[in-house]
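Asks: One structure, pasted below without further comment.
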């Protein structure tokens, strides 16, 4: 399922930007900077303090893993500090993932 980058950017601004940045060299906020997200293992953004749950999950971020994670983060990684409840609509998750893919590499 391919998403709409413009809609994904809007979703990022509304739901994610309070805690995350996407640009290369962007600062960590409450959540880590997301530059280089795709292909990276959970809990590996340099200079960010992760929970053991994030560090030990050991999955690689991809369109597929993000699709599941973003639906219910606490179910996918029990013990994560991310307090975001998740995005129930699959199309909205696809849009957000399309935006993240275009803006984090």
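Glycine is treated like the rest: Cβ placed from N, Cα and C.
So Swiss-Prot lists these for the protein:
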| type | residues | note |
| --- | --- | --- |
| BINDING | 16, 19, 20, 82 | heme c binding site |
Asks: So what sits near residue 20 (heme c binding site) in its own chain, CB-to-CB under 8 Å and at least six residues off in sequence?
Replies: 12, 29, 31, 32, 33, 34
Asks: Compute the mean position of the Cβ atoms of 16, 19, 20, 82, which form the recorded heme c site, and then list in sequence order the other residues of that chain whose Cβ is within 8 Å of it.
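Replies: Apart from the listed residues, the neighbours are 15, 17, 18, 29, 30, 31, 84.
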Asks: Please identify, from the binding-site residues 16, 19, 82, the residue with the sparsest Cβ neighbourhood, meaning fewest other Cβ atoms within 10 angstroms.
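Replies: If we count Cβ atoms within 10 Å for the binding-site residues 16, 19, 82, the smallest count is at 19.
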Asks: In which DSSP state, out of helix, strand and coil, do we find residue 82 (heme c binding site)?
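Replies: Going by the DSSP assignment, residue 82 (heme c binding site) belongs to neither helix nor strand, so it counts as coil.
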